[in-house]
């Protein structure tokens, strides 16, 4: 069916998920909504994250989406189950796909997870991994320096390398750790640096890539992949500044992103 | 829920899928049925494959399975869609997971597929890949020498290496091919040799590993993963010789497999 896939995030991080969806599912149309104005969600109380996430979902429901991707770790941790219960179309978060891919990849059963302080403190990845295999050893580490780095566009060169090396230093003592989950949607932008620092024996899992894979799995399983000949149409909405969003999106997508509109979530009525 | 996952195959090849399910989902119980007596299905007429597959499914339905995995390329190609329509629980085949994983992995868009002559001639992988991304270039090759090799237990050493090198020779001209799908459930047993011959720049995708990953995705998505404390119980059924099956299973699983029973599918009544 020609309906688009909806993607929500607290800001721009989820664009790494959107770009993977466009790469892996080139026939599908994407509608992305980043709540840039109220970003980040991490430090906010749970009730506020739930309210803001629902405001985003209510907006996307006016666009007749066939599936919802919560491309935000905080919103996934707090609202995924509630949205799955409430909505009639499939809902996928970013945490479980990364956890499942790590279990598929790991031979030693020792898995690392890096993310923001909020995500690491929530223990959402630990729970997702242990739910599938209680014998897994999880090594987790907050890397608060990475998001500011990526948002400033410093994704290569010696400054970025120094920050990554210092942040990941204590991960390097885990000799049996053979898999590392990038538990933040910003981190794929510095995946090469992370791989270089952590070493070639560790498989680095990008949750964006894995989330797109699971969207493909579920749409395929439910026979909802688009099979027609129409060109895909992607559109991006932000609650913040259109030009700033456009600049970041164009840099991350490595091509000019024009289809960006500003939206005021308070004007959206709940369906 | 404590219900087992059912796995069917025309013979022993699907054991590579079963072992991946056990590795990736260690809390789940598996019931495996290999129709060893009537193996292989590849050369049989479509109607016969459909009938035999339904006989296996009817047997597993007496075991109250919560999900069905068709760990056989021929049966997947001919019966997957019919089974998905007819059964009330999820059904997963081995072709689509390998195709999706290859699309996730490939950066060049040039993907190789190797399998039995039946699988390659069916073009099932080509169709599965093109359905998702019509721009993908597929390089496919039948490797009829591999299954006899693996069933004889010759999975390393110079003889095996020679066979793999000669079979894959013509694949090596495709310089842009960065991903190779093992489109036969026997091939993971010689994955290391295939990787050595095809070179380290090509990602080798094992459909067993990817099928288990998608079983995890769908059970997780549907909240059907077992969350209790009971130890898993795995049981294997064969329509052929129990000792031969046991010997192959023990060798492939690298541990003695005792829970093997013989079954006569003609005595199973359709539900």
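Cβ coordinates come from backbone N, Cα and C, glycine included.
Feature annotations, reproduced from TrEMBL:
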ACT_SITE  A:72  active site, proton donor/acceptor
ACT_SITE  A:184  active site, proton donor/acceptor
BINDING   A:9, A:10, A:41, A:42, A:73, A:74, A:185, A:186  substrate binding site
Residue A:72 (active site, proton donor/acceptor) and residue A:42 (substrate binding site), distance between Cα atoms, whole Å: 9
Where residue A:9 (substrate binding site) falls in three-state DSSP terms: strand
Taking residues A:9, A:10, A:41, A:42, A:73, A:74, A:185, A:186, which bind substrate in the record, the widest Cα spacing (Å, whole number): 14
Sparsest-packed among the binding-site residues, when each Cβ's other Cβ atoms within 10 Å are tallied, from A:42, A:185, A:186: A:42
Residue A:72 (active site, proton donor/acceptor) and residue A:186 (substrate binding site), Cα-Cα, nearest whole angstrom: 10
Additional residues around substrate, ordered along the sequence, whose Cβ is within 8 Å of the centroid of A:9, A:10, A:41, A:42, A:73, A:74, A:185, A:186: A:11, A:13, A:14, A:39, A:40, A:71, A:72, A:75, A:116, A:119, A:184
Among A:72, A:184, the most crowded of the active-site residues [Cβ within 10 Å]: A:72
Spatial separation of residue A:72 (active site, proton donor/acceptor) from residue A:185 (substrate binding site) - C-alpha basis, Å: 7
Alpha-carbon distance [residue A:184 (active site, proton donor/acceptor); residue A:9 (substrate binding site)] in Å: 12
Long-range Cβ environment of residue A:73 (substrate binding site), under 8 Å and at least 6 residues apart: A:94, A:95, A:115, A:116, A:118, A:119, A:122, A:124, A:183, A:184, A:185
Conformational class of residue A:74 (substrate binding site) under the three-state DSSP mapping: helix
Site of maximum Cβ density within 10 Å, from binding-site residues A:10, A:74: A:10
